[in-house]
Amino acid sequence: MEEKLSKNMDAATNTEHSRENKKECTNLFKPVEYFDVQTKDSSQDIKIAVKSLRDKDNSMSNTTEKKKSFICNACGKSFPYLKSLKFHFRIHLGEKPYVCEICKKTFISRGALKSHLNIHLQEKPYSCQVCNKAFSRKGCLKIHLRIHSEEKAYVCEICNKAFRYSCSLKKHLRIHTKEKPYVCELCSKAFSSGFTLKTHLRIHTKEKPYVCEVCSKAFSQIGKLKSHLRIHTKEKPCVCEVCSKAFIDRSSLKSHLRVHTKEKPYACKLCSKAFKNSCSLKNHIRLHTNEKPFVCEICSKAFAQTAQLKSHLRIHFKEKPCVCEVCSKAFSNSSNLNRHLRIHTDEKPFACEVCNKTFIQRSYLKAHSRVHTKEKPYVCELCSKSFSRSDILKSHLFAHSNEKPYACEICGKAFIQRGKLTIHLRDHIKEEPQSCDVSSETFIDSRNLILKDMII
């Protein structure tokens, strides 16, 4: 087969005129010659036609200049020289005669091998004149230049989205075709690109190659590291056009926009509850599975969300970074601070549908609703007595243990419940008035001044 190809090539080469002959040729490259080429993987013959076309170039002079174009009949690609077509044949043949002596990788042409060797030699002879970035291959530089020129030559015929690279268009088309050819061998999850699969595999390997130089936090994706760095730089380049709120990355902005559009595209398959983002759905699913993958290294308490673990750790470290601007009371997380602020604003956004009673927190409303439903889900394991709230059960358990955690700071008397301590404190009334430095209120004695602070 190779001998047949060689003979046909020689025949075609003989018809080509010498490049040294600068005189204008008056002959036409008449016949279309076909080569029967048998691929290594298939028994079918690929007909490759080499034909010469004559074109007129009126821009140079009145003289007609004839140009040749050699076309591959297998794929339709055209080449200006027969030599280029000859190299192209090797793609269909699977022929790669040039071998790298360092890594044994094979190549179609000597030029491709030469470019590859620059990787081993760490040579980057091709530099971008705009940003001075260097490349080992001329082709890579050419592709890079599109960033500066903003050229997007590859356009999707379905949605008209344009891309700089053909490979980017190819990946994009899989969105329309729903094609996911890259499958994880560990969990069988499929992906539209090899890069996405490679990133996914780091979930299994726990590999986090991208490390923050500021705080040493590691990430599985370079994009996540870039977003993280903006926490340190305080940079928020992605701005909402509706409310002008700024975000560190595009995905956070995209998720935020659903607040305005009321869009909830992520639905739970178990209960049909919908969410604005995939992260919220993922956290919600753990309620059904009772999965708690985030474990505290200090007390081994497990949580469904990283944010919950982070908030919990502040209990151990006595951290309270969220401070109320009204009364300076500090909290371990922003949600607790937000709930507290409603005391000052007298805001009660959670209303009972049965009796219209309003509450500061959703949990208070939930506990209150059990008054109407008569539901008592919290059961004492010692005496089987049931309660509507977990805090009431907790107080009840002190009766079994005889523990009294709430002690009066004035007389030392202890109580099972905080409410009983509050009632008791009101009994400490004496005759000599004392003045509060903050509010100038007067009290019969100093112990009542303490009482005021404790009740507040």
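Heads up, the Cβ atoms here are built off N, Cα and C, so glycines get one too.
Remember, TrEMBL labels are computer predictions, not curated facts.
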Annotated range (TrEMBL: region 'Disordered') out of 1-23, 415-437: 1-23
Same-chain residues near the domain 'C2H2-type' (350-377), Cβ under 8 Å, at least 6 residues beyond its ends: 339, 342-343, 386-389
Same-chain residues near the domain 'C2H2-type' (210-237), Cβ under 8 Å, at least 6 residues beyond its ends: 199, 202-203, 246-249, 252
